[in-house]
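Novice: First the structure, which I've put down as structure tokens, then a few questions once you've had a look.
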Amino acid sequence: MSLGDSDRERVVAALGRDPTPAEAALFENLWSEHCAYRSSRSLLSAFDSDSEAVVVGPGDDAAVVRVPGTDQLVTVGVESHNHPSYVDPYDGAATGVGGIVRDTLSMGAYPIALADALYFGDFDDEHARYLLDGVVEGISDYGNAIGVPTVAGATQFHDGYTGNPLVNVACVGLVTEDRLVTAAAKSPGNKLVLVGNATGRDGLGGASFASEDLAEDAETADRPAVQVGDPYTEKLLIEANETLLDRDLVVAARDLGAAGLGGASSEMVAQGELGARITLDAVHQREPEMNAMEILLAESQERMCYEVAPADVDAVREVATRYDLGCSVIGEVTTGNYVCEFDGETVVDAPATVLADGAPATDQPSTVPQAPATDRPDPALGTAIDAVLSAPNTASNEWVYRQYDHEVGARTVQRPGEDAAGLALHEADDGTTVALSAGANPGWTACQPYAGAYATAVENATNLAAAGAEPLAAVDCLNGGNPEDPDVYGGFEAMVAGLADGCRAIDTPVVGGNVSLYNDSATGPIAPTPTLAVVGYRDQHPVPGSGLAGDGDLVLVGGHADGLGGSVYLQALGGTDQFPAADAAGVDAVREAATRADTLAVHDISDGGLAVTLAEMVTADAGATVTVPGLAALFSECPGRAVVETRDADALQAALDVPVVRLGSATTDGTLSVTVDDETVTRDAATIRDHRGVIARELD
């Protein structure tokens, strides 16, 4: 490990001397792109992060928002584990789950749900399938073992991820105000206590590793930078954390993630504008002869750092012992520098704020992305429908989510496969449901980063609206390639601006998130990928699902769209086009339609456009007969719109302030019949299911 020349000069100026080897390694990791957001920090001010519901916004391990009408607080956070999941898809993905769950614990919350947004290279690529298989197994094994359901997410395939997949995981938790904890250290003299797994050498330099392009030999050369998870210890840590909170033993908390103990402990005291004195020899270790740098920076999993009052240390140790967890009193909070001692010598002595917040921002050159030309194909209607329904990006994700236990915890009331997940808030005792949507479409942002990111916000809000829910807050995972490339950084800038404007348009604060850059490899950079996780709520009003009842008229709330840019239609059949302008006004209209008593089914427009939305609504017992004005109207993926089956189309049209277009009617024959101009194509439910079963068919 080594600091760059300019950073080393800054460190020498701050310390008044050359750094020790341990200090240099600590600064390199904490000042890395992964930890310090050096290339993106200046862009993040574009996001609005305040609302009446926000209790804790950006800067902590997870954000906290209040659920209106209840005494419950919801925590939400999102993290990336991209590079590790390429090197070791199973452990990389599993430890990504573990890390975001511990972020939830750090706030005093109990984790109730996970969502995963996964991005891989072309589905036809054998290595992409290998990565998909390993990532899903890792998430499944870890999430199932700790008893937290994975209830929402998305899986996307795009050639930009061939050499660098993305694994973005969000977690939602519950807490009440009296149990809320933050990471900021509070009082000099309090003890710092490390609870959980013993520290080994795994994950060394993980933060630095995540701040570089993936090399061609990364799967072997970078294996030591990938952590190894133990979900059974994580489950014990979850329950121990609850017990510590029950007994009011926690003053502040932070999980050990990027940069390990050095990152967690220095950030805790920096947030409290305090210092610390830490004895590294006191850390419980599982490997012999570890040196100071290894103890400081190892990213061994399932560990928490707590600030504890001196009088409560024995009680904390007793709780750890009860749950068969290691426990070390490693130091105390001070008013001075952040100091670490090892083998009787001082190996780190630096201001905590310089370590945690002193990395200078990097000004990156950028070029403005250019809009694509319009060059649309003109296939036969049947050819187009079959091609789009058979595409991996419109395929059923059942193969993925059936591996997850989405029922554990007895809260799940809207399951994977619907527009958004729904989780019963039993504590509110009034039927309130927490809703969750997560994901992004790289085809949209590869086409036009600003418009595609804006649409990502509208799409996730529409998912909630189709479930009758109103958004409370969002967290983002901003994934990009090498920021030193002006074209890449220009796309990243446009993506951030578009997502910020889109979240403003849906009136949803962005309360936290994660930036992951240097997602670049020998095959090139990824598409700018703005994963968004939106948490919302719904009162006791029931809403229908997406399956047709076969007993109503079909209308399109939000009207037809024309642009085909970023669509599966163009991916499957060739051509280019501009991305359609999403209208956030449709979100409220979809929500109103979903909660009406005369609504029988509702499903939003997304991947594959109107054609796929209708196909997904068809069941063996209910079908649809519709007329659409053209191929663009059938396949445009412009969000903020939904198909609604209603008993009273006239009343619905009169009630909404957005265009409502009559499409046709639901039937009881289990077939989809689509007419465009003078051409009609019919596909039955079995054929649709076969088309959309490509992932399961190829991987089972």
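Backbone N, Cα and C atoms are what each Cβ position is placed from, and that goes for glycine too.
Pasting the feature list from Swiss-Prot:
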ACT_SITE  His34  active site
BINDING   Tyr37, Asp476, Gly513  ATP binding site
BINDING   Glu79, Asn514  Mg(2+) 1 binding site
BINDING   Ser80, His81, Asn82, His83, Arg102, Gln227, Glu299, Ser300, Gln301, Ser516  substrate binding site
ACT_SITE  His81  active site, proton acceptor
BINDING   Asp103, Asp255  Mg(2+) 2 binding site
Novice: List, in sequence order, the residues of the same chain other than Tyr37, Asp476, Gly513 whose Cβ lies within 8 Å of the centroid of the Cβ atoms of the recorded ATP site.
Specialist: Ser40, Leu44, Pro58, Val475, Cys477, Leu478, Val510, Gly512, Asn514, Val515
Novice: Substrate site residues Ser80, His81, Asn82, His83, Arg102, Gln227, Glu299, Ser300, Gln301, Ser516: biggest Cα-Cα distance, Å?
Specialist: 21
Novice: If you draw a 10 Å sphere on the Cβ of Glu299 (substrate binding site), how many other Cβ atoms land inside?
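Specialist: There are 30 such Cβ atoms around Glu299 (substrate binding site).
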Novice: With Arg102 (substrate binding site) as the reference Cα, tell me which of the recorded positions His34, Asp255, Asn514 is the closest one.
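Specialist: Minimum Cα distance from Arg102 (substrate binding site) across His34, Asp255, Asn514 lands on Asp255.
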Novice: Work through the binding-site residues one by one (Tyr37, Asp103, Gln301, Gly513) and name whichever has its CA nearest to the CA of Glu79 (Mg(2+) 1 binding site).
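Specialist: Closest by Cα distance to Glu79 (Mg(2+) 1 binding site) among the binding-site residues Tyr37, Asp103, Gln301, Gly513: Gly513.
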Novice: State the count of C-beta atoms found within 10 angstroms of the C-beta of Arg102 (substrate binding site), not counting that atom itself.
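Specialist: For Arg102 (substrate binding site), the count of other Cβ atoms within 10 Å is 28.
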Novice: Given the binding-site residues Ser80, Asn514, which one has the fewest other C-beta atoms within 10 angstroms of its C-beta?
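Specialist: With the binding-site residues Ser80, Asn514, fewest surrounding Cβ atoms within 10 Å: Asn514.
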Novice: Counting across all protein chains shown, how many other Cβ atoms sit within 10 Å of the Cβ of Asp103 (Mg(2+) 2 binding site)?
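Specialist: So the number of other Cβ atoms within 10 Å of Asp103 (Mg(2+) 2 binding site) is 28.
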Novice: Within 10 Å of the Cβ of Asp476 (ATP binding site), how many other Cβ atoms are there?
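Specialist: Around Asp476 (ATP binding site), other Cβ atoms within 10 Å: 30.
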Novice: Given the recorded positions His34, His81, Asp255, Glu299, Gln301, which lie within 10 A of Asp476 (ATP binding site) by CA-CA distance?
Specialist: none
Novice: Given the binding-site residues Ser80, Asp103, Glu299, state which is nearest to Tyr37 (ATP binding site) when distance is taken between Cα atoms.
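Specialist: Going through Ser80, Asp103, Glu299 one by one, the Cα closest to that of Tyr37 (ATP binding site) is Ser80.
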Novice: Say you check the Cα of His81 (active site, proton acceptor) against those of the binding-site residues Asp255, Glu299, Gln301, Gly513, Asn514; which is nearest?
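Specialist: Closest by Cα: Asn514.
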Novice: Express the distance between the Cα positions of Asp255 (Mg(2+) 2 binding site) and Asn82 (substrate binding site) as a whole number of Å.
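Specialist: The separation of the Cα atoms works out to 19 Å.
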Novice: How big is the gap, in Å, between the Cα of Gly513 (ATP binding site) and that of Gln301 (substrate binding site), rounded to a whole number?
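Specialist: Each residue's Cα considered, Gly513 (ATP binding site) and Gln301 (substrate binding site) end up 21 Å apart.
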